[in-house]
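Chemist: Got a structure for you, written out below as structure tokens; questions coming shortly.
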């Protein structure tokens, strides 16, 4: 397993390419590999395979003992490859006749998986390998997400050193969140291109993230900090936007809800642990040290993932297989289904799907509500980073380092929430889908909204407890518990609403998710700018009551969507209506 992980990683791909296929070999490059006859051109049409192609790919069958017309400098193994390919190609027409009698191959030059048990198919990997890759994807997401909240520990130091206002210093958080909402519109479509896949985009953007983090650590003015914060958010966005898609590459649909829950919990852990890690560093060493911690975390991630994170996108794995087979056989007609489909696409159509369609789909009533609702829920989550210093520093007089510890309450409630979510999936949702499959019927996507509506009650409950319990006469554990109750609301609503909109718009799932990411990040990025003024002007209690009132109003719309969502889908030309 370890050798395969290294071979399929970014570093492994480079080693395999530079060595001409001699190191970290793929099956098609091993001596015992025999090319399927259907991939070979008849000898009259076959183009000669040059020596570099022979070096990059290997083939072995019943090779003839004679070595004619072969340079003496070539190894005996390579001469056998050439002789074997020539012999097989010469007999290709007769062999194809035999194959035609045994089985009908409608498209003999289509490169696909070698049956349902192909070990190169990510969904056929062992559970240990898939679990390890899932951990790596979660680590990548965590490394980027922690960058949003760890910055909040640096805000007081930035204000003091550069003599800027709280609003100006908070722009570093706003621009980061805004940028990782904009980034997927441009970067995520690249990961859907079979010629690239997930890994090159992940690693290239993570490398740029690390590079642009250095000017923040060494900044001599606030403008540099703000500009680099936007760029790091932009280039960190693929990990946040397509981490779930990478999970879907390696796990079957029946297990996807569980692993997406783990990935989402890991993503939430980033902003939650950011203030915990950063606060002590800022208190001891100043504002630059939380930024240095972020640099260390992402630097470790890029080294570790470059060595051990394999490509998970199936079409890309097949394209690389087709490239090796084309080099090995000289048959330029060998293509994957994705390559053939891509030949019919234009750059304009790709740009439209990635940039224009998410905006156009946002006008759909179902998606408009999903964007507004999740944007509001997400925005309140980022308001906690402004409210916590007011409560635990000003009211309960926590030190700067200890002021981040209350965020750990989110981890406790998150673990409990995920356990409940798994039980809900196993004992309530899965049996309903099984019964529907047995009856050959299809369940309406609105069933995904049920748990979200129930969980919505946690949002007003949480903010009300936090707002009205935050006073010197009440123990500090009470507002911590109140804040922790927000996690079930945001976690289950995200799982519920995102599963619903992708089920309701399956043909446009990528555009739907990209649009939602853009809108919710835009809304959430603005709230921290006025968060402190909002709570200081209205008071913690009244301010929380206003937020709770808005969330209750949105719950009513949520219920209406659950009840009448099928009507809206039937009227839409984009939605799926079972």
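Heads up, residue numbers simply count up from 1 along the chain you see.
For all residues, glycine too, the Cβ spot is worked out from N, Cα and C.
Below are the features listed in TrEMBL for this protein:
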type: REGION; residues: 51-78; note: region 'Disordered'
type: TRANSMEM; residues: 131-152; note: transmembrane segment
type: DOMAIN; residues: 133-566; note: domain 'Major facilitator superfamily (MFS) profile'
type: TRANSMEM; residues: 164-187; note: transmembrane segment
type: TRANSMEM; residues: 199-220; note: transmembrane segment
type: TRANSMEM; residues: 226-245; note: transmembrane segment
type: TRANSMEM; residues: 257-282; note: transmembrane segment
type: TRANSMEM; residues: 294-319; note: transmembrane segment
type: TRANSMEM; residues: 366-385; note: transmembrane segment
type: TRANSMEM; residues: 405-424; note: transmembrane segment
type: TRANSMEM; residues: 451-470; note: transmembrane segment
type: TRANSMEM; residues: 476-501; note: transmembrane segment
type: TRANSMEM; residues: 543-562; note: transmembrane segment
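Looking at the shown structure, can you explain where the listed features end up?
Modeler: Long-range contacts of the transmembrane segment (131-152) within its own chain (CB-CB distance under 8 A, at least 6 residues past either end) are made by residues 1, 5, 122, 125, 172-173, 176-177, 180, 202, 206, 209, 229, 232-233, 236-237, 239-240, 243, 246-247, 250-251, 259, 262-263, 266-275, 277-278, 290-291, 293-294, 297-298, 301, 304-305, 308-310, 312, 382, 385.
Within the chain, the transmembrane segment (226-245) has long-range Cβ neighbours (under 8 A, six or more residues past its boundaries) at 137-138, 140-141, 143-145, 147-148, 151, 171-173, 175-184, 187-188, 191, 198, 201-202, 205-206, 208-209, 212-213, 215-216, 219, 260, 263-264, 267, 513-514, 517.
A Cβ distance under 8 Å defines the sequence-distant neighbours of the transmembrane segment (294-319), meaning residues of its chain 6+ beyond its ends; these are 4-13, 111-113, 120-122, 132-133, 136-137, 139-140, 143-144, 146-147, 150, 191, 194-199, 202-203, 206-207, 209-210, 213-214, 217, 246, 249-250, 336-339.
Beyond its flanks by at least six residues, the transmembrane segment (451-470) meets 377, 380, 387, 390-391, 395, 421, 424, 478-479, 481-486, 488-493, 495-497, 500, 540-545, 547-549, 551-552, 554-555, 558-559, 562 of its own chain at Cβ-Cβ distances under 8 Å.
Distant neighbours of the transmembrane segment (476-501): 257, 260-261, 264-265, 268, 366-367, 370, 373-374, 377-378, 380-381, 384, 388, 391-392, 396, 398, 406, 409-410, 412-414, 416-418, 420-421, 445-446, 448-459, 461-467, 469-470, 512-513, 516, 565; these residues of the same chain sit at least 6 beyond its ends, with a Cβ under 8 Å from one of its Cβ atoms.
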Chemist: Can you work out which residues elsewhere in the same chain, 6+ from the ends of the transmembrane segment (199-220), have a Cβ less than 8 Å from its Cβ atoms?
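Modeler: Sequence-remote neighbours of the transmembrane segment (199-220) are 9-10, 13, 140, 143-144, 187, 190-191, 228-229, 231-232, 235-239, 288, 291-292, 294-295, 298-299, 301-302, 305-306, 309-312.
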Chemist: With the transmembrane segment (405-424) as the reference, which stretch in 164-187, 257-282, 366-385, 543-562 has the largest tally of C-beta pairs below 8 Å?
Modeler: 257-282
Chemist: Can you say which of 164-187, 257-282, 543-562 has the most Cβ pairs under 8 Å with the transmembrane segment (366-385)?
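Modeler: Looking only at 164-187, 257-282, 543-562, the most contacts with the transmembrane segment (366-385) come from 543-562.
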Chemist: For the domain 'Major facilitator superfamily (MFS) profile' (133-566), would you mind checking the mean pLDDT of the predicted model?
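Modeler: Mean pLDDT across the domain 'Major facilitator superfamily (MFS) profile' (133-566) comes out at 91.
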Chemist: Which residues of the same chain, at least 6 past either end of the transmembrane segment (164-187), have a Cβ under 8 Å from a Cβ in it?
Modeler: 144, 147-149, 151-152, 154-155, 158, 201, 205, 222, 225-226, 229-238, 240-242, 354-355, 358, 382, 385-386, 514, 517-522, 524-526, 528-530, 532
